[in-house]
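Scroll down for the structure; my scribbles are underneath it.
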Amino acid sequence: MDLGSMGFLKALLVAVYALDPYFSHAETAPNYSFVHESTTAPPVSYHDYIVVGGGAAGCPLAATLSETANVLVLERGGSPYRNPGKTDKGNFLLTLLDPSPDSYAQIFITEDGVYNLRARVLGGGTVINAGFYSHTETEFIKVSGLDEALVNDAYQWVENKVVFKAPLLQWQTAVRDGLLEAGVLPYNGFTNEHINGTKIGSTIFDMNDHRHSAADLLEYADPKNIIVYLHATVTKILFTTQTVGSRPRAIGVIYEDAMGEKHTAYLTNDSKSEIIVSAGAIGSSQLLMLSGIGPRSQLEPLSIKVVIDQPMVGQGMADNTLNGVFIPSPNPVELSLLSTVGISLLVNYIEAGSGLNLAPSFGWISKFLLSILDQTTIGSFFDTRLNGGIILQKVARPLSTGHLELRSTDPNETPKVRFNYFQEPEDLRNCVQGMKTIINIVNSKAFSKFRYRTISTQQLLNVVAALPLNQRPRHFDTASSLEQFCNDTVMTFWHHHGGCQVGKVVDEDYKVIGVDGLRVIDASTFSFTPGTNPQATVMMLG
């Protein structure tokens with residue numbers, strides 16, 4: 001199909017979107033009267049609830065609480081609305097790789113040698129992720145002890161603001177049909193449900209490829225009852241004990257503004273007042289430790305006063321692995337991110353994207369890849385736009401787990417994190433199965449229009465093996481053994497979880513065990529990631 005036909009298709013989609021109420025959300029950025037820079041905060045303030053982290057859980061949580069109480073949200077990053085085009089679909093990779101000090105994504109390297117990211121922006125990971133929206137499996141709801149009717153209501157509450165049907169153009173259609181040829185059955189059509197087979201899901205990108213995020217859910221908030229401070233880094237949770245031997249109670253937090261000035265926010269005297277930590281899998285564990293809740297063996301060497309010796313804080317950290325291939329295309333490809341997904345329950349998920357924008361500095365990669373492919377007749381794969389796409393597999397429920405350790409008492413410094421990728425043999429077997437499915441998709445009849453016949457799947461594996469995608473060593477059989485390929489080229493899906501797990505650090509109501517007035521609500525409480533992509537469930541929980 002030529003570019004003119006693709007333009008017609010896009011125009012047709014625009015018309016369809018305009019008629020479908022599913023696409024009719026407002027696209028203008030909200031102008032919140034209650035969001036301010038933390039430099040304007042008073043030295044001392046009092047609130048019914050203090051939410052640490054304005055991310056995927058924190059924003060909807062704060063909005064809901066503000067209906068009946070006074071809420072303070074402390075977000076360490078800035079606003080996604082100051083440069084809304086920065087987070088549009090085409091700029092997905094540019095945003096992730098932004099090295100500036102105030103970027104939305106803080107890059108760090110795990111102790112396993114894998115590049116990873118932490119969100120630092122109002123809206124959290126929903127501002128920097130690939131946008132795919134899909135519900136969790138029913139098992140997660142049952143294990144978590146959640147009311148199914150309330151869960152469905154909460155999903156709908158989220159979807160009314162930020163969720164859209166994912167478009168299905170040529171690349172995503174080819175991936176869908178390739179999945180079916182590869183045996184990822186049945187075909188379930190469009191659905192947000194988590195069911196075995198191939199399906200089309202939803203997205204938080206609208207018809208103009210503009211991103212919506214959890215920050216948009218603050219539109220539900222009562223502006224009279226909420227205040228959000230940006231660039232507010234919480235350094236410590238404050239505790240008190242009424243009598244010797246009584247349970248500690250959280251009473252407030254100390255936070256720093258962008259100028260390094262300290263502020264203190266206290267809870268009101270109401271016994272229902274609480275601090276709720278929603279700083280993400282890494283940030284929540286880190287803050288509990290900095291505040292004296294964690295393994296004594298880690299806290300005392302850093303001169304942190306131990307409030308509770310809790311050895312499980314920072315334990316059980318897991319990360320869903322990402323492996324896949326880049327595929328140069330002889331035909332034009334649309335801009336797409338994660339519309340189609342192949343679900344093999346408890347094993348892996350297959351997803352894909354195409355046509356993403358890249359910085360001009362990436363131009364060298366094109367020549368590098370073409371030299372590896374031994375091709376001189378095909379066009380550029382990388383220039384300022386990906387002329388082709390990627391097909392990825394994610395290990396669904398990694399059994400391999402690791403831990404988090406503080407490097408220092410500086411809350412801005414990412415702790416040491418080790419996920420122990422593929423330590424458990426079953427994780428490696430699931431990755432190999434996923435890679436075999438990807439190879440079958442690439443070799444499928446449905447996908448043939450997006451493949452150069454002169455480039456074998458082995459050459460595509462050679463390309464990935466040669467790229468500096470992580471800091472792990474390569475081996476002589478990296479590209480020839482799928483087991484070694486998975487180990488050597490592993491990346492992250494940015495779905496890290498654990499560290500404050502239910503039953504170990506928090507109870508079934510997400511209250512921190514052993515203290516009063518403190519909860520944790522985010523992915524740090526998970527023992528496995530819900531659904532193919534967790535953002536829907538994290539927002540639902542909030």
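Heads up, the Cβ atoms here are built off N, Cα and C, so glycines get one too.
Just so you know, TrEMBL annotations never went through curation; they're auto-generated.
Looking at Cys59, Cys431, the record from TrEMBL puts Cys486 in a disulfide bond with Cys431. For Trp494 (FAD binding site), applying a Cβ distance below 8 Å and a minimum sequence separation of six or more within one chain yields Asn116, Leu117, Gly125, Ile128, Asn129. Glu75 (FAD binding site) and Cys431 (disulfide bond) are 36 Å apart (CA-CA, integer value).
On the 0 to 100 pLDDT scale, the domain 'Glucose-methanol-choline oxidoreductase N-terminal' (280-294) averages 98 in the predicted structure. Each residue contributes its Cα atom, and for Cys486 (disulfide bond) and His495 (FAD binding site) those atoms are 18 Å apart.
With DSSP classes pooled into helix, strand and coil, the tally for the domain 'Glucose-methanol-choline oxidoreductase N-terminal' (280-294) is 11 helix, 2 strand, 2 coil.
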